[in-house]
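The structure's right below; bear with me while I get my questions together.
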Amino acid sequence: MSSSILAFYTAVLSVPSLGFLIDTVQQITHRQICYTGLGCFSTDPPFTSLYRPLSVLPDSPETIRTTFLLYTRSNPTTANEQVLSAGNLSSIETSYFNSHKPTKFIVHGFTHNGHRQWIRNMVAQLLIKDDYNIIVVDWGHGAGLPYTQATANTRVVGAQIAQLITVLQQSFNASMGDMHIIGHSLGAHISGYAGERLQHLGRITGMDPADPYFQGTDEKVRLDPGDADFVDIIHTDSSSFLALGMGTSQAMGHVDFFPNGGKNQPGCDAGLLAKLGHTVWNAVSKLDYYAAEGAVACSHERSYELFTESINSACPFRAYPCTSSDEFHNGKCLRCHQDDCSEMGLNANKYRARGSLYLETEAASNYCDFHYQLNVSGSNNFDGKLIITLHGSKTNAGPIQLMKDIEVHNQGTIISKMFKTNIDVGEVIGITLDYEKTSNLVVGWAFPDAWTLNGIAVWSAADQKLYRFCAYNKIAANHVKTTFGVSDHCT
Ligand SMILES: [Ca+2]
């Protein structure tokens, strides 16, 4: 225990007016502390290790002041939220909690609290989706600086959630399998601490589980697949700690989703210098704390933005097994075999897919994309841009630029490119191709102005279907848009 914390507890025990704390603090040694009803917490290995050299004891429940806030369709807003207490059964009896309905817990992370806007948004979307009991776990008084203390406090909060769930099960006959804890950052590991104390907790969703002090540690210390019957993880900010990556890259669930590779998210600054760049300093200069935090933690916070959008999204966040995000980006992994694909977000438990899954998203909402792979080949050499518009039974998507200026492809080779759109075009019925020959005069003279096509095909990953187009021997002329119908309609 650090000297400052020892001094704190010494002070607490010596002041009679704070005697109520003595009732809670049953035993203090230099490496263990016990709290009534929650058990003892030790900093012995594995809680002290190479990955967490400075390990401190958790604060008391009175300091952390964890609050369970119930929202249902009968009381959906903060104005009429109800506070539940495991030690006060009437707080549950007189609330809108209904043990016949599934329950969603939402747990925030470092420096946040239970009234953050993202939590309100998630509650609202969940209540649109279904008639849930939603319990927001507010541990904001224990989630502040220093990080090492907040890290230690997660163990107490996890124990408190387990205590409440046990009461809901034993005194109100709620089903353990209907319990789903959704935790962000440190909240993901809190969910793990709760789950390891319970038998067959239904589900944990870890939204970008915190990396520092957890990655590489023993399963007792971090979220792992043993903590619930189903554990799904969304990784969004797993770049190195030196680049201010806050999420773990370590697979911790039955299924781990890596949107956009899981390291950095589109629309967010990447890397230390960029994150601390002008956006942050502009915000700091205006004393806008939330804007500064949003710039630094943009990728980390994207995890809950993605989950929230997934709740009622018409576009499924389809995700695919792959060996790497680069392979995925190159369109190598858009085919599903034997239930090995899934959906990221709320629907992940409806699939049997396990392991690491990949998908790409947009930089802003609507984030969810439909993924396609274009294969096109021509009978002469090609150098330039390829811009397409996809025509569908519902609407069109495009123009989408698939290739950079100066991208040489030799005659006969198949150009294979993944592309994506957040527009649901429906059934694919046609494609417009716009070939723009390179404007580079040094190399451009060597390439013809028109491109004779051998064939065009588009694989739709969302419906696992190949569309072929009537393109054989057709000409794609420089800067001329040419539209092709699917081959069933060729004349
Ligand atoms: Ca665990």
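Here the Cβ of each residue, glycine as well, is placed from N, Cα and C on the backbone.
Below are the features I grabbed from TrEMBL:
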- SER185: active site, nucleophile (ACT_SITE)
- ASP208: active site, charge relay system (ACT_SITE)
- HIS300: active site, charge relay system (ACT_SITE)
- GLU219, ARG222, ASP224, ASP227: Ca(2+) binding site (BINDING)
- 368-489: domain 'PLAT' (DOMAIN)
- 1-19: signal peptide (SIGNAL)
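Are these features on the surface or tucked inside, and what touches them?
Within 10 Å of the C-beta atom of SER185 (active site, nucleophile) sit 32 other C-beta atoms, taking all shown protein chains into account.
Applying an 8 A CB threshold to same-chain residues 6+ apart, the list for ASP208 (active site, charge relay system) reads HIS184, SER185, ALA188, ILE234, HIS235, THR236, ASP237, SER238, MET246, GLY247, THR248, SER299, HIS300, ARG302, SER303.
There are 27 other Cβ atoms within 10 Å of the Cβ belonging to HIS300 (active site, charge relay system).
Cβ neighbour count for ASP227 (Ca(2+) binding site): 27 (other Cβ atoms within 10 Å of its Cβ, all protein chains included).
Regional average pLDDT for the domain 'PLAT' (368-489) in the model is 87.
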In which DSSP state, out of helix, strand and coil, do we find ASP227 (Ca(2+) binding site)?
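DSSP assigns ASP227 (Ca(2+) binding site) to helix.
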In the structure shown, which of the binding-site residues GLU219, ASP224 has the fewest other Cβ atoms within 10 Å?
GLU219
Consider only the recorded positions SER185, ASP208, GLU219: which of them have a Cβ under 6 Å from an atom of ligand 1? Write none if no residue does.
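Once distances to ligand 1 are taken from each Cβ, GLU219 fall under 6 Å.
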Within 8 Å of the centroid of the Cβ atoms of GLU219, ARG222, ASP224, ASP227, which other residues of that chain place their own Cβ, given that this set defines the recorded Ca(2+) site?
GLY192, GLU196, LYS220, VAL221, LEU223, PRO225, GLY226, MET252
For ARG222 (Ca(2+) binding site), what residues in its own chain, 6 or more apart in sequence, show a Cβ-Cβ distance under 8 Å?
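Those within reach of ARG222 (Ca(2+) binding site), by Cβ under 8 Å and sequence separation of 6 or more, are HIS189, GLY192, PRO209, PHE214, GLN215, THR248, MET252.
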